[in-house]
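Colleague: Okay, here's the structure, questions in a sec.
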Amino acid sequence: SDVGPQRERVVTEEEWLQKWETGNIRFHKEQGHPLFQKHLDVLLNGRSGLRIFFPLCGKAVEMKWLADMGHNVVGVEVSEQALKEFFSEHSLPYCEEPVPEISGGKMFQSTSGNISLYCCSIYDLSSSIVGKFDGVWDRGALVAVNPRDRQRYASLMINLMEKNSSYLLVTVSYDPNKHKGPPFYVPESEVKSLFG
Ligand code: SAH
């Protein structure tokens, strides 16, 4: 498949912040993503008290759902506005603290302690800062990463995974000549070569 037209496209962090400021966030699903419910059992596999990672989390409501089910949720997002909206829209009290390992990085944590959202770039994270995860919900994340950064993103994600973890990935299929993205078109063959 021809992904040529999108290969050089770059969306800057500034542009993402601006989308949040202007409310240009049609990617946000107030009712959650239908595929989350459908495949949740694959993610959890009957296990409880998991650590679940939400890369490029926005204010995804699935974070609240998993926390309510007793799991520990960690997310990362460049927009502080998105994270504050997440807590306020769910009426969750939280506290804010600096992340010493990351210059300018902050962590917003629910007072209950089971939702920790890092405000920084995903590329600032490592397993020494956030630990490893039993599950990943990747919706609007791999497909939002700039095409040139995909390899780096995938290597980091693999590094953040425990041995027996599950990774749910949502991609979108369309003709990349007709839309510049994001979401970018990531063909199945590329998913395979990125994640093995
Ligand atoms: N996964 C969420 C949001 C998808 S949109 C959902 O399903 O609703 C992609 C999000 O990634 C945006 O909120 C954007 O601000 C954030 N983002 C973009 N680049 C990032 C980066 N390098 N590190 C962390 N977050 C990033």
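Residue numbers in this text run from 1 along the chain shown.
Backbone N, Cα and C atoms are what each Cβ position is placed from, and that goes for glycine too.
Those TrEMBL annotations? Automatic predictions, nothing curated.
Got these off TrEMBL a minute ago, pasting:
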BINDING   16-27, L56, E77, 121-122, R139  S-adenosyl-L-methionine binding site
Colleague: Cβ under 6 Å from an atom of ligand 1: which of these binding-site residues qualify? The list is K19, T22, I25.
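Modeller: None, as no Cβ falls under 6 Å.
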Colleague: Under a three-state reading of DSSP, tell me whether I25 (S-adenosyl-L-methionine binding site) is helix, strand or coil.
Modeller: coil
Colleague: For a quick check of packing: other C-beta atoms within 10 Å of the C-beta of T22 (S-adenosyl-L-methionine binding site), how many?
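Modeller: If we count other Cβ atoms within 10 Å of T22 (S-adenosyl-L-methionine binding site), we arrive at 8.
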